[in-house]
Amino acid sequence: MNGVLQVTFIVILSVEFIIGIFGNGFIAVVNIKDLVKGRKISSVDQILTALAISRIALLWLILVSWWIFVLYPGQWMTDRRVSIMHSIWTTFNQSSLWFATSLSIFYFFKIANFSNPIFLYLKVRLKKVMIGTLIMSLILFCLNIIIMNAPENILITEYNVSMSYSLILNNTQLSMLFPFANTMFGFIPFAVSLVTFVLLVFSLWKHQRKMQHSAHGCRDASTKAHIRALQTLIASLLLYSIFFLSHVMKVWSALLLERTLLLLITQVARTAFPSVHSWVLILGNAKMRKASLYVFLWLRCRHKE
């Protein structure tokens, strides 16, 4: 592969890592600081904090695994190490995806307006809905790990019986199995986020029709709340789509012999979601936006001194 392209992608990955660590670190520090001071943090801030911490761990894991792959490719390709690393990666990746999806569900129930009795029933029991979502994500995570590890155990047994060819078969099948399983289970939270976005758009459309003859101020307040949430969800879904497509590309890249460039592209695409999305959340959250402005003004004053 062209050395210039490789260096370019590595630089992009490094920038994404720095942006992601600072963005997610900022979210975590702001909320943990309030918690230490004895202030009560809201449900959305609790989700944001859990999301930020899981993404910090995920970004560090991406960086470490990538450098191990580049510097020690032979050691990286041993079946047991591949399995352990992918299991750890799946843990933080699934946590990140489901916390982001929980955030979409939270915004949907807080802002959307429907007269449907099921919606109203769930809206007044939002805390239970969020707990149920996290329990479901835990069940799906366990299934994901089982599906990834079961074929590996079979392949290792085959390797012990016939050492002549099973190692190649092992690595090839494992390289296809992990991204396929993560793509399959990653589609579920993506689909849930997409549904909440579509329903929120429909809610805004219904609201605008219903409030045409209502007071202008009330209409503007609710419409602005819908639009702010939709702006955040649009940016989130765009990054989510790139992330999901990168998993599809990784499944396809497992079939190729010369795949270094494609692996770099998919890695850059995958890292964009936990990295850039943190700043989307900061700009879309009033508390985080205010805190970031305070930090910016403080840094500006320090620079002038």
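Each residue's number is its place along the chain shown, starting with 1.
Even glycines carry a Cβ here, placed using N, Cα and C.
For 1-8 (among others), the entry in Swiss-Prot reads topological domain 'Extracellular'.
Here Swiss-Prot flags 9-29 (among others) as transmembrane segment, drawing on sequence analysis.
According to Swiss-Prot, the feature topological domain 'Cytoplasmic' maps to 30-55 (among others). Broken down with DSSP, the topological domain 'Cytoplasmic' (30-55) shows 20 helix, 0 strand, 6 coil.
What Swiss-Prot records for 56-76 (among others) is transmembrane segment, and it gives sequence analysis as the kind of evidence.
Under the heading topological domain 'Extracellular', Swiss-Prot lists 77-101 (among others), citing sequence analysis as support. Summed and averaged per residue, pLDDT over the topological domain 'Extracellular' (77-101) gives 81.
According to Swiss-Prot, the N-linked glycosylation site annotation covers ASN93 (among others). Sequence-distant contacts of ASN93 (N-linked glycosylation site), defined by Cβ-Cβ distance under 8 angstroms and a gap of at least six in the same chain, are LEU58, ASN182, GLY186.
Only residues 6 or more beyond the boundaries of the transmembrane segment (102-122), in the same chain, are considered here, and those with a CB under 8 A from a CB of the stretch are 43-44, 47-48, 51, 129-130, 133-134, 192-193, 196-197, 199-200, 203, 206-207, 222, 225-226, 229, 232-233, 236, 281. Residues annotated as transmembrane segment in Swiss-Prot: 102-122 (among others).
Under the heading topological domain 'Cytoplasmic', Swiss-Prot lists 123-128 (among others). Under DSSP, residues within the topological domain 'Cytoplasmic' (123-128) fall into helix, strand and coil as 4 helix, 0 strand, 2 coil.
The transmembrane segment annotation in Swiss-Prot covers 129-149 (among others). Long-range Cβ contacts of the transmembrane segment (129-149) within its own chain (Cβ-Cβ under 8 Å, at least 6 residues beyond either end) map to 43, 47, 83, 86-87, 90-91, 94-95, 98, 101-102, 105-106, 109, 122, 177-178, 181-182, 185, 188-189.
The feature topological domain 'Extracellular' is assigned by Swiss-Prot to 150-184 (among others), with sequence analysis given as support.
Residues or ranges marked as N-linked glycosylation site by Swiss-Prot on the basis of sequence analysis: ASN160 (among others).
The N-linked glycosylation site annotation in Swiss-Prot covers ASN170 (among others).
Within its own chain, the transmembrane segment (185-205) has Cβ neighbours under 8 Å at 93-94, 97-98, 100-101, 104-105, 107-108, 111-114, 137, 140-141, 143-144, 223, 226-227, 229-230, 233-234, 236-237, 240-241, 243-244, 247, counting only residues six or more beyond its boundaries. What Swiss-Prot records for 185-205 (among others) is transmembrane segment, and it gives sequence analysis as the kind of evidence.
The topological domain 'Cytoplasmic' feature in Swiss-Prot is assigned to 206-236 (among others); the stated evidence is sequence analysis.
Look at Swiss-Prot and you will find 237-257 (among others) tagged as transmembrane segment.
The feature topological domain 'Extracellular' is assigned by Swiss-Prot to 258-261 (among others), with sequence analysis given as support.
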